[in-house]
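Swiss-Prot lists 1-23 with the feature signal peptide. If you look up Swiss-Prot, you'll see N230, N362, N550, N598 marked as N-linked glycosylation site, on the strength of sequence analysis. Marked as active site, nucleophile by Swiss-Prot: S276.
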Amino acid sequence: MAISKIAFLALIALSGLCGLASATYKVGVGRADITGPPVEINFMGYANIKQVGRGIHTRVFARAFVVEDEKGNRVAFVSADAGMMGYGLKREVIKRLQARYGNLYHTDNVAISGTHTHGAPGGFLMHLLYDISILGFVPQTFEVMAQGLYLCIKRATDNLVDGRIFLSKTTVLNVNINRSPTSYLRNPEEERAQYEHDTDKTLTQLRFVDLENNLLGAFNWYAVHATSMNNTNRLVTSDNVGYAALLLEKEYNPNKMPGKGKFVGAFCSSNLGDVSPNIMGPKCSISGNECDLLTSRCPAGEGECFASGPGRDMVESTQILGQRLADAALGLLNEQSQESTAREVTGDVRFIHQFVDMPNYNGSAYNPLSRKIDKIRGCQPAMGYSFAAGTTDGPGAFSFEQGTTTDNPMWNFVRDFIATPTQEDIKCHEPKPILLATGRATFPYEWQPKIVSDQLLKIGDVIIAAVPCEFTTMAGRRLRNQIRAAASAAGGLDTEVIIAGLTNIYTSYTVTPEEYQAQRYEAASTIFGPHTHSIYMDVFERLTKALMRNETVEPGPSPPYMNDVMLSLNTGVLFDGHPINTDFGYVKTQPEKEYGINDTVKVTYISGNPRNNLFTEKTYFTVERKINEDRWKVAYTDASWETKMIWHRTNTILGFSDLEIYWNISPQTLPGVYRIRHSGEYKYILGGKYPYEGLSHSFTVKED
């Protein structure tokens, strides 16, 4: 009997130890296609009116994870291959979730973050400044994104299983550089001395497994702009981080097409504000000389100041950097058996959210410039002169220079024609000279948000800080430290803080007060003035303390509902036509009879406008391999890295168009007989849309 009691007590003790060592959550992951209209719509990111879509290189996806603790507390996080997120879009996603699940999901426990690709269709942000280069609101983009964001959370919910979560980190070099290094140097020397690099090089991974240790998903946060593809790109692309996600998913979803398979792998944005993937640095495009460090300008005759990546062109640079990120994430996942770098995430799930009226925020904060406690306040939104200069990833127009702290009467006249800043605005934003007084512009609707979304998701001892903008490197480091210290003061030991950038609503950039004085692009785009970062530090410290103490906060004022005032200059598809003696799907250019490794296959079809049907979760074409006389198997789709689809309007009056399909035969391609099939829809001049299909001749890919 005594032995039995001892054994029983030992079992209880062991179970207690096991409870400390591991934690069970309900975890689920999901993915959905959010590819918008691939042609005739401007891309969001570079604000380049000439960057109009002409086809697809890779489709873009939204990837979600859902976590629930033993008490039923639940959070959902989404990383979307999009430039950023708009609150009108999030509000629509919540509406659809609540129509299905009731109040299970709401504003407070759902975070939606953009990867910041600059190669996807725009027109979904519902603020004029961000949609104006897209020629306004694009309902088709908004709808496919809203449904895809909803679907990825729904699929993650449907896939919930008992599981565990592990956190691991690794250093990834040769992927990013600071594109405003002179601004970074404005930060205190003693602060900079705490860090080896002027950008964050740490990749942070959350790994989701079931109770049998089967891998479900991996979400990775790394600070880098998704701007390997520059503003000359016209094909939809998820860019470097999106390609990394495709590689990661391919590894764990063997024999599946891109965007398919149970494993979900994401590369999410972090404090990437001043971080560029163009690691070869900025050079003058004609002379090859280095640009001026302060202004990012080149002398007359030496071209534009442009930074480039490690590849021979932007596509190869995207591929190289995506591979480096994927390799880093795979390295962490492949160590899961030893768990040498990973630690298990334990603890409950919590969330907190607050809307903040930034222009009317008043508080106090430590001023690193004066080294005193100052009263702080937000400003009405405004963009500075250096905003128009662009960045070394994508230069702007006219003669604007980065680092501009003085105004110009001519540009002030243009500014005042749109909206005139008050003297209070001008004083509030100093030393930023105001180029666009967006907070004073109301026609035809709000130009930039005034109310922001600040949110924290706590999963055990991990806190995800969902910020509504692009924090620079040091701005993000300070915020992480502030949240960690606040959590520690409230009893949270060894809290890991992850910054999720461009989340829930978009308000451009946030720099440190010191960086603000330099007025490079990021500072000129810090829309609420020099105290913007200090306000976020104040708000997130307060939210962290409330979160850790399980306290509630006032929800704050909701952003305005603007769905019914949206305007657009984009026209729909009127009709499609085809030349006499042809039909839709007719193959104008057949493939050659034989190809080798590294050759490129090209097939051209008479097509309808791709905007007639987005083929969401499907494909505009397939590359098919012959298995036997009766069976062909899909080898590649329009989501594959190896393929491209380019659409051309050949006759505007008659509505003629061609679709070119390219397949680059990679070394991994199996030899055999192939063909290419195109599916589309055309719009009849008298009304209605009708499907069509075209099929190329078969051709042979020979052994290398």
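Cβ atoms here come from the backbone N, Cα and C positions, even for glycine.
What you see is a predicted model, and the numbers here were worked out from it, not measured in a lab.
Everything Swiss-Prot records as a feature, shown here on the structure.
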{"residue": "N230", "record": "N-linked glycosylation site", "DSSP (3 states)": "coil"}
{"residue": "S276", "record": "active site, nucleophile", "DSSP (3 states)": "strand"}
{"residue": "N362", "record": "N-linked glycosylation site", "DSSP (3 states)": "strand"}
{"residue": "N550", "record": "N-linked glycosylation site", "DSSP (3 states)": "coil"}
{"residue": "N598", "record": "N-linked glycosylation site", "DSSP (3 states)": "coil"}
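Reported as a whole number, the C-alpha separation between N550 (N-linked glycosylation site) and N362 (N-linked glycosylation site) equals 25 Å.
The recorded positions examined here are S276, N598; by Cβ neighbour count within 10 Å, the least packed of them is N598.
Between the glycosylation sites N230, N550, N230 has the most other Cβ atoms inside 10 Å of its own Cβ, all protein chains included. Taking N230, S276, N362 as the recorded positions under consideration, the smallest Cα distance to N598 (N-linked glycosylation site) is found for N230.
Each residue contributes its Cα atom, and for N230 (N-linked glycosylation site) and N362 (N-linked glycosylation site) those atoms are 40 Å apart. Here the CA atom of S276 (active site, nucleophile) lies 33 Å from the CA atom of N362 (N-linked glycosylation site).
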